Structure formats: C-alpha cells, structure tokens
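**Student:** Dumping the structure here so I can ask a few things about it.
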Amino acid sequence: MKNLQCSYCGKKEPLVKRIFGGSHQAFICNECIVEFFNLLEREEENRKQKDVRSHLPKPQEIAQFLDQYVISQEKAKMALSVALYNHYKRISYPKHHHIELEKSNILLLGPSGSGKTLLAKTLARVLNIPFAMSDATALTEAGYVGEDVESILSRLLHAASFDIEKAQKGIVYIDEIDKIAKKGESVQSGRDIGGEGVQQGLLKILEGASVYVPLKGARKNSNTETVLFDTKDVLFICGGAFVGIKEERGEKRSGFLASNPSSPTQRTLRKQLLSYGMIPEFIGRIPLILELEPLNLESLVKILKEPKDSIIAQYQYLFSLDGVKLEFTDEALLAIAQKSLDEELGARGLRHILEEILMPLLFEIPSKEEVTQVSITQGFVLGNSEALILEPRREDG
C-alpha cells in the first residue's frame, strides 16, 4: 500500500515514520498514537488528582483525627493539620499559570517524650500514605561508613511496597535532627562527616530533587540496583530536642511560629538554631517550625488512658487474651505519671514504667488459670504492696 494518510492528523508517509491500518479504512500514524497515549495518561492523572481532592480531609478533620491519638500540644496539632492539608492540596491541584506552590517541610522542637514522633506517625495515618522514620545519628556524609541520606528514601520506598508513585507522595520523619549540628571550629577531629556534611547532603532531597535510590537500603555502588526517586512531593518532618536552646524571646510561646516568619520571635528562634549548629541552607528549607511543650502531670495521666490505642488499653488487651481483666486505680495512674515526670522521660517513659511494674504479673498470671482479675494500686506502683488478684470463689463440698 502506498501514499497512506493518517485519518487523524492528515500526514502521509514519509512525513511520519509509520502508518497503521485498521478496519473501515481508518489509519493512524505513530505520532498520533503517542499523542493519544499522552492524552490518556493526562486524563488518568487528572482523574487521580480529582479522587485525591475529593478524599482530602479538611484541617479540622485532620486535627480531630490527631486528637484521637495525641494528647495535648493543641496549637502544634492545629498547625500540622493546616500544613498537611496544604501540602497534599498542592500535590493534587495543577499548577496555576506561573504560580508554583513550594512545599513546607516541618521542624518539631521539643523535649524527649513530648510527642514529636507520634505526631508524625499519626499524620501519615490520616491519609493512609507511606511513612518512614530515620535516625539522624546514623547518617554520615556520602563516602563514609554509615547510612547516607538516600537510605531514608529507601525506607520510604519499602514502606510503599516498592510502589514508586506512592512513595514519592509519602512522609519522612527524621528524628534526632539536632544531633547533626555542625561541630565547633575548635573541634580538631577532622572532617565533620556526621554533622555539617549530613546537613549538606539533606539539602537536595528536602528541597525536591530526583536522586537514584538503592532498592535494598544499602549504599549505592556499581553493583547496587537503584531507582530514580523524585522528592518534590515528599513531606519531610524533622524532630529534635535541641537541648540548651533557651527561651530568650521574652514572650509567651505561640506553639507555632511560621505564621509570620519575619516576626521577632521567629527571627530569634532561627538565630538560636544557627548558633546551635544548623546551617542556614538547612533552616531555609524548613519553613514551618513548631515548638512542643513539655508534658505536665495531667497530660501524662490522659496519655495513659485516653488515646484510641492507649498504653493501658494495650496491656488490658494483653491480659484479656489470658482471660484476665486488668484494672488500674486512679491513684495508680497518677503514680505512674508522676514517676515519668520525676525521671523526665515524658510520654515515652510511661511504657517503660508500665513494663517494669507489670513484668512479674505478665510472667506469673498466664500459669494461674484460676485468676480472673488483677487490680493495680498506687501501693503496687510504688513497690509498697502487692497487686490485688481476684480468683473465683470455690464452693465447699
């Protein structure tokens, strides 16, 4: 057949590489096939974006979800809810003319046990998106023994079951970020491979870049299988205690400080972070800085019993699997919270304390089939008395 003509664009051979024939004398060229394929891809992408938008919870709904699992830190929860909503709204809506919304990575400042990790994990649960956590203390500059920054993305890819599209819209939490502050000039230990070098290495992925990521989490080398990973839509949340940064601003904390980045409060905090050892380029890539307050006694008691998956509920479920009802008196809960407060362990210390006091019972009770109920009292928590163990009444005769 000669002089075939595309039924769609009108081009003839040899202006196009190839023309394919179909039934009813319809013909299509290779260029139109590519164009139609791209059109279908765009329509599918638009459909996915509309689907995301229709299921994207509003900030108040996100905050309500956080309230089910996270006690206290109300202002931080509000700011995080807005940040999460805006981040995924930015992803799901097409660009408007020349306006491109930049992503707002987040820095959480707060003492150990104040809820930084829990907040990050729970945010990912709101949208059921991949979540990966990394410890900054394990990171080293590329070329040195340890984990490089690409290993963070490997974890996210693994959390997404190696679905690259899902992984590229996930959340990464980097804990102990204060531990990669650069060392002082007086330190004569050679190159700062775990401090400023790591901060420099994180800059690219924080801002948004395409990097080759090892599939198995190892460092890249010539024999490592890699995949190209675009981080422009990954939300990065960094957390650190930043021990030693004192309140020098002379005003009450607002809980979230990024609403006005040029405010005296915000400027002072950023200066403190720079003095601490965070480099300007790193701080510049994290627009949203949130301060979490230390948890007080009342908050710790609430954490024990009020969240949807509270620590007390978890232990009660463990005991129920052996047919035993576990109860705590109000005084016992208060004593547990006070212990954690005295030891400055925060919410993280509650599980440690509970595990310690319940260990003898967890060891003995499964072998005592006659036990039906265990009551934990203040005296038992403080080590002054035994737990109240109830057994069914035996009938005489």
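Every residue, even glycine, has its Cβ placed from backbone N, Cα and C.
Okay, these came from Swiss-Prot:
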DOMAIN    1-48  domain 'ClpX-type ZB'
BINDING   C6, C9, C29, C32  Zn(2+) binding site
BINDING   P111, S112, G113, S114, G115, K116, T117, L118  ATP binding site
**Student:** How does the domain 'ClpX-type ZB' (1-48) divide up by DSSP, counting helix, then strand, then coil residues?
**Tutor:** 22 helix, 8 strand, 18 coil
**Student:** Please identify, among the binding-site residues C6, C9, C29, C32, the one with the smallest Cα-Cα distance to T117 (ATP binding site).
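**Tutor:** Smallest Cα separation from T117 (ATP binding site) among C6, C9, C29, C32: C32.
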**Student:** Based on Cα distances to C29 (Zn(2+) binding site), point out the closest of the binding-site residues S112, G113, K116.
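**Tutor:** Nearest in space to C29 (Zn(2+) binding site), counting only the binding-site residues, is K116.
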**Student:** Most Cβ neighbours within 10 Å: which of the binding-site residues P111, G113, G115 is it?
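**Tutor:** Ranked by Cβ atoms within 10 Å, first place goes to G115.
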**Student:** Would you kindly give the Cα-Cα distance separating C32 (Zn(2+) binding site) and L118 (ATP binding site), rounded to the nearest Å?
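**Tutor:** So the Cα of C32 (Zn(2+) binding site) lies 51 Å away from that of L118 (ATP binding site).
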**Student:** Within 10 Å of each Cβ, count the other Cβ atoms and name the one among the binding-site residues S112, S114, T117 with the highest count.
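**Tutor:** Highest number of other Cβ atoms within 10 Å: S114.
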**Student:** Can you list, in sequence order, the residues of the same chain other than P111, S112, G113, S114, G115, K116, T117, L118 whose CB lies within 8 Å of the CB centroid of the ATP site?
**Tutor:** G110, G239, L292, G346, A347, R348
**Student:** Which of the three DSSP-derived classes (helix, strand, coil) applies to S112 (ATP binding site)?
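**Tutor:** Looking at the DSSP assignment, S112 (ATP binding site) belongs to neither helix nor strand, so coil.
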**Student:** Rounded to the nearest angstrom, how far is the Cα of C6 (Zn(2+) binding site) from the Cα of K116 (ATP binding site)?
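**Tutor:** On Cα coordinates alone, these residues lie 60 Å apart.
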**Student:** So which of the binding-site residues is most packed in, judged by how many other Cβ atoms lie within 10 Å of its Cβ, out of C6, C9, C29, C32, L118?
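**Tutor:** That would be C29, with the most Cβ atoms nearby.
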**Student:** What's the CA to CA span in angstrom from P111 (ATP binding site) over to C32 (Zn(2+) binding site)?
**Tutor:** 60
**Student:** By CA distance, which of the binding-site residues (C6, C9, C32) lies nearest to G115 (ATP binding site)?
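**Tutor:** Nearest by Cα distance to G115 (ATP binding site): C32.
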